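**Q** OK, Swiss-Prot features for this one:
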- 243: active site (ACT_SITE)
- 277: active site (ACT_SITE)
- 220, 221, 222, 223, 224, 225: NAD(+) binding site (BINDING)
């Protein structure tokens, strides 16, 4: 029984699915997808639970969310292992994901009050008050790269605001989704407030097609995000949050400290085996001897990265990709770029056929035409050389995406110029592209998403503002508008 609907664990009536470890092929989870009728049942349960949940005092909702945080802390080792085994990422990195989930609770409580709390201004004859109200029933679509942390970034703010939810994890990480929901169950959520439906494309389409849905919070690929945007067009009554991918540029203008610049680049491009939406995909390196030395050192150090199993000792920097198919897609993207005229600096290599273990690849594409503007979700870094900083900014902005951008330089003026001209929601200076603060907004422009549906601004998508002019009693104004006569006439 792998679906949780209206407080009950039930068996899916859809396609049979099993999840294996992407490196060892060990079977980790088996279950059936939710069919369309079960998705509708989950929505009905959420709708029925909404009025009572929304009317709960905020403190009551907060108490349940904080109980969930305590359960995360108590079961940190267990959840870390589930995430690591299911995604293929090393244990150390999975542990940081669970820590981020725990930290998200206090941050979301602060964000609720800062972004969507109540404000009151006294007027001469009353008060003007701003309040926020939950949307109602929201769907949450989770990704596979951070199957605990990223859905958590929508679920927690949405529950705090008083919404009820239907959560569909990625079909590639059902085990993590189920494990997290069991902790929510133990935290004491009332029946129907949070519902779990497992499944792939058909389940997702059934969920996004529901008429009785007040909104959808999505994290995933641009192609799926665009599909959802088209599907919900003409329905302004539904809130849609899209957190999508990026084709992110990292500009190496001044690499005087070569090893520090190489370390920053490795952290930007290859952490999580390149499976972060903020990962550097395009490396822009200034022409000249310093840039040559930087690239040579980058290829040298990156070539020593050996992906390993989640529980290897010592731990590897990167583990496997989410699937062998994902690793194959990266290999095909590299070969495509070679066929276009790219010059391979470091060839990616499958460590073992049939697994998702893949070494990093680096390919130079300076002067190559018709390079696809796409997010290759894995450890493949594309290099361009440039002559001057204005050209670097032009290259950086030459994409339909706009998530993250970074600069390695000692010149503050160059960073200020980049801040003004970059088309990106995150612009870092001498910091990895993959570094982001949960106390700041997270998201991008263009094909990277709409507004900032994650991190500090996630609360904005979970409640709508209600403005009120109010007074405890009704009185006649001392001064009337022109043309109004309230004088009492003598009876004749």
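Including glycine, each Cβ sits where the backbone N, Cα and C put it.
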**Q** Going along the chain, which residues six or more apart from residue 277 (active site) have their CB under 8 A from its CB?
**A** 145, 243, 244, 245, 246, 375, 403, 448
**Q** Comparing the binding-site residues 221, 223, which residue's C-beta has the most other C-beta atoms within 10 angstroms in this structure?
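**A** Result of the Cβ crowding comparison: 221.
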**Q** Three-state secondary structure of residue 224 (NAD(+) binding site) from DSSP?
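**A** DSSP assigns residue 224 (NAD(+) binding site) to helix.
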**Q** Could you name the residues, excluding 220, 221, 222, 223, 224, 225, of the same chain that surround the NAD(+) site, i.e. Cβ within 8 Å of the Cβ centre of those residues, in sequence order?
**A** 218, 226, 227, 228, 244, 245
**Q** Could you tell me which three-state DSSP class residue 277 (active site) falls into?
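**A** Residue 277 (active site) sits in coil per DSSP, no helix or strand.
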**Q** Near the Cβ of residue 225 (NAD(+) binding site), how many other Cβ atoms are there if near means within 10 Å?
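**A** Counting Cβ neighbours of residue 225 (NAD(+) binding site) within 10 Å gives 23.
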**Q** Are there any residues in the same chain, six or more apart in sequence, whose C-beta is under 8 angstroms from the C-beta of residue 224 (NAD(+) binding site), and if so which?
**A** 204, 218
**Q** Cβ atoms within 10 Å, counted per site: which of 220, 222, 243 has the most, among these recorded positions?
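**A** Of 220, 222, 243, the one with the most crowded Cβ is 243.
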